[in-house]
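Engineer: In case it helps, Swiss-Prot gives these features for our protein:
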MOD_RES   45  cysteine sulfinic acid (-SO2H)
MOD_RES   104  cysteine sulfinic acid (-SO2H)
ACT_SITE  104  active site, nucleophile
């Protein structure tokens, strides 16, 4: 049975982080569901690119996924942080031992919903003050994995972030194959 990923798409999401995560995971053979936070209509991202989700988050919130991916972008992260549905989903994912992945500003969503407290993580540098009290903050790594949590810093680290998620779900050999096809170095 193939692994599955839920990528939440919220208004103001960082396009690169969203696209790279969804694309890399699909290339690795993972079944990716893109769910719009506010429904199934097109979502305007941080640089005014509009993306059409597969479905609404409400439609799939009770489904089980191997990973829940939170792309960054300040607007998208704020919207996810204010969503009780996202909070319930993340707490369920955490209690069930599922993987959670957050990049850029999205680790603040974890803090707002009380998820993964005490774990090591990283984020976009300006988000650090919102995270240092509840997490072990890592400044010197572009991707941090602590148990079932994967975090990363921003748009420039999106490939490494996505490949790390893919490695967890599809294995090192498959990820090396995907990285090679993308002309991206990955160890």
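Sequential numbering from 1, following the chain as shown.
Placed from the backbone N, Cα and C atoms, the Cβ positions cover glycine too.
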Engineer: Taking only same-chain residues 6+ apart in sequence, whose CB is under 8 Å from that of residue 104 (cysteine sulfinic acid (-SO2H)), what do you get?
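Structural biologist: Sequence-distant Cβ neighbours: 14, 17, 71, 72, 73, 77, 123, 124, 127, 152, 153, 154, 155.
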Engineer: List the same-chain residues at least 6 positions away in sequence whose Cβ sits under 8 Å from the Cβ of residue 45 (cysteine sulfinic acid (-SO2H)), in sequence order, or say none.
Structural biologist: 9, 11, 12, 13, 14, 15, 18, 51, 73, 76
